[in-house]
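Participant: For reference, the structure I am asking about is given below.
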């Protein structure tokens, strides 16, 4: 049974990681190196989440068997201790668990500290040679690696000044692990302090339809400003490129570098660049200025892609929320969409309009409120356990009491189930914050395959950074860490591979115990919205209730949605009229053609391929396969990036030029 569960959880972790990567990334467009690296990072993190409860359960089972088998036995007049028999199953797991944790842990550390930061900085570098990109990547990661080296340096100085302690291989390994886990624990507590409050609150607020719609109006008004700023930045980049292109001819030594930058632009931006008149006087740029322009171009395009992706997703969300508000008063209780979107056949069968109405208008709000209450209870349990896990007698940690009760009843299935649920919730709280993070207007994870490579690399790097620290923190919560409860216990295989940090008293007895207690202060600050109020006071627009600026942004967002809805309705009506016209008169024209023969005009070969009869000269207007997105692009201009469309991928395509192959 143990082997079967082990294999099932390994497969489940891979399916979950692959599904999330497919939802957020685009495996058909992204570079294969990025896809494999991010999949490995996410998969190993989920492996720890699924396998660590098995490790805990098997450790508890071994400790109980050792206690039973080593009890004194009365033989004649002497009392002896019988050695425990050798268990073949235990010998197998003695090889499986250490090997698994060793591969998972050190691979994750290499990914998060070496491979992914260099990949991310290398891909953002504006240099045109491999050597230049590597140099820029090292300089870009100086602060990143400096924080790690600073922690290692402090620990080395502490050990050097501590009498009777000498450095050797295992202790250096412990120092490296301590520095990485200290960094991860610091970030983990910050994320948990925010997410343990925001997850229940967001679920509760999402059950209130009016609040959700108002907040969405506010967000799209702010997003409209970000989108305009991104477009203005790209326009400035095009002006600079126009001057550089006019100054650098085909015979100039820097011409190939200019072509490299232009190849990064989407087709629509290239057309805009070609349509601009060249300046009268322009001076040839230097190589350094081209490198800076290349780097600015990469960043500007990614910010534009992020804002346009968020814009499309937010429009769809608000349209759906307005549909829910209008369908609440529907007498026939059938959900009606303002804009028709094609759905798969399975969804049409199992999720018809009647079921959709009952779910969206009635059941969903109660489901979200129930989930909000459950997550609130879990958050309180996590905060209480973080504050009391160092207390051994009496045991105050809620999770430790649950594990001890299941251990006394030999209920190993309950230990696996409860441990998995607790770790999964902590994972969700921390990683949901990472998935929503927006750092320097560059990193953003968007569904529908709209996430770029840089955000994927950043998310994989942060996930690998948080996982080991979270596992050690959870082992402390359930009293499975001897350094916390100060008692000799059987350690898990994961702790054995991680190594002991007894030599680092400042970490083992100080930071790792008392710093997690700060989570209650962070949760209190999040509950009172102190961060939002402070940012609003400093001039940054935040959703803080009945504030005058908030009300103005909500009204602005409502007007933006009205304008976007009218634009889409006009495009949809025009498309419908053209299709009706084509269908209505196609039979009449075909019949007249058969009667009159070829008396009129013989169509050109280009138009005669898919055109029958006397169709109008505007060939695109007669196409019945046009979609609403195509009509919007034709009437109002095509976006510089991909829009939220239905995915039709029939074959693998090569990744775009410019990530790792533009040198």
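Placement of Cβ uses the backbone N, Cα and C atoms for every residue, glycine included.
No curator has checked TrEMBL annotations; they are predicted automatically.
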Participant: Would you please say which range out of 366-390, 541-565, 566-590, 591-615 has the annotation transmembrane segment in TrEMBL?
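Facilitator: TrEMBL lists transmembrane segment for residues 366-390.
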Participant: State the non-local partners of the transmembrane segment (181-199) in its own chain: residues 6+ outside its ends, Cβ under 8 Å from one of its Cβ atoms.
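Facilitator: Cβ under 8 Å, 6 or more out: 147-148, 151, 375, 379, 382-383, 386, 426, 428-430, 432-434, 462, 465-470, 472-473, 498, 507, 511-512, 515-516, 518-519, 521-523, 525-527.
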Participant: Who are the chain neighbours of the transmembrane segment (511-530) in space, where the CB to CB distance is under 8 Å and they lie at least 6 residues beyond its ends?
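Facilitator: Result: 181-182, 185-186, 189-190, 192-194, 196-198, 201, 379, 382-383, 386-387, 389-390, 472-473, 476, 483-484, 544.
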Participant: Report, as numbers and ranges, which residues of the same chain sit near the transmembrane segment (32-52): CB under 8 Å and 6 or more residues beyond its ends.
Facilitator: 6, 9-10, 12-14, 16-18, 20-21, 25, 100, 104, 107-108, 111-112, 115-116, 119, 419-420, 423-424, 427, 453, 456-457, 459-461, 463-464, 467-468, 471, 474, 492, 494, 655, 659-660
Participant: For the transmembrane segment (366-390), what are the same-chain contacts with Cβ under 8 Å, counting residues 6+ beyond its ends?
Facilitator: 192, 196-197, 199-201, 203-204, 206-207, 396-400, 422, 425-426, 429, 473, 476-477, 479, 484-485, 513, 516-517, 519-520, 523
